[in-house]
């Protein structure tokens, strides 16, 4: 939870009108500091819930995530919704501009361009937002949670496998300590009424959509392994063998690790740190494949800071920057029909 939330917040705040098209790159130093920052954030949230009224804290968080969730969900569904609009749809362009100063010293604070299609996506997302705000229903929670996860994987970027191993290894220790060593992680997760976790109804067959007995999966357990799996997909493409061996291996490894987590949780009737099982699976399985294929050196020497996946629109301007999700998706589709030119860019530090 604090890992994902802090990372997404930092990346969103770092985006400006001069930001590049590349996702925010996590360096080895950032990866090493992640568990420490996450531990401080988690402990701070725990103390906050102990000192202040849980009702007022969750009310404030609900309003905040209501706005952020609508933006994240609209950003996520925008490319998909473009397929449903007819060709003669009256799509008008709008611009939200907020500046500071005047004359030559004028500085843009917010410059957000959007169109009618984006307004439709915002309206649909707002319906989900109101549903979540009024009912706190688990389906609305999961829709927002999935949107946050997709945005997190899109915005965060690992540049090499070594950095990914440092990040996953540190968070492996972090997760085990705060779940098994103390009750801090479980207490915060249960107290936090915000879509920063996916919930799975265990009494769905008995109560249907009104189920109220849930198992939880933090979004950090999705996003952190997810950016590592995305790195292995880029490595697959760099090999130019027209195969996605490492991606499929790590993807199956993630499913295996998550299934093992659920199995152990039901056997011992105790909350389990998902990264305890996901980290060895997501690192170990691809590493075994690399050993079998003799590509360990290539894997650890691979740098993906300048790689852009083909046929993948990069909608990194979220939430308050120039360029709308729909217009960016349309422009990317037009560019894909033309010869591509690879641009070299230096990775930016978090």
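Cβ atoms here come from the backbone N, Cα and C positions, even for glycine.
Where the annotation comes from TrEMBL, it is an automatic prediction and has not been curated.
If you look up TrEMBL, you'll see 31-49 (among others) marked as transmembrane segment.
The transmembrane segment annotation in TrEMBL covers 56-77 (among others).
The transmembrane segment feature in TrEMBL is assigned to 155-180 (among others).
Sequence-distant contacts of the transmembrane segment (214-233), counting only residues of its own chain at least 6 positions beyond either end whose CB sits under 8 Å from a CB of the stretch, comprise 1-5, 7-8, 26, 38, 138, 145, 148-149, 152-153, 156-158, 160-161, 164, 167-168, 171, 189, 196-202, 244, 246-247, 249-251, 254, 257-258, 262, 265, 274-275, 278-279, 282-283, 286, 304, 309. If you look up TrEMBL, you'll see 214-233 (among others) marked as transmembrane segment.
Per TrEMBL, the feature transmembrane segment maps to 245-268 (among others). Under 8 Å from some Cβ of the transmembrane segment (245-268) lie the Cβ atoms of residues 215, 217, 225, 228-229, 232-233, 235-236, 274, 276-282, 284-286, 289-290, 293, 299, all in the same chain and six or more residues away from its ends.
According to TrEMBL, the feature transmembrane segment maps to 274-292 (among others). Long-range neighbours of the transmembrane segment (274-292) within the same chain, counting only residues 6 or more positions beyond its ends whose Cβ lies under 8 Å from a Cβ of the stretch, are 164-165, 168-169, 171-172, 174-176, 179, 217-218, 221, 224-225, 228-229, 232, 245-246, 249-250, 252-254, 256-258, 260-261, 264, 298-299.
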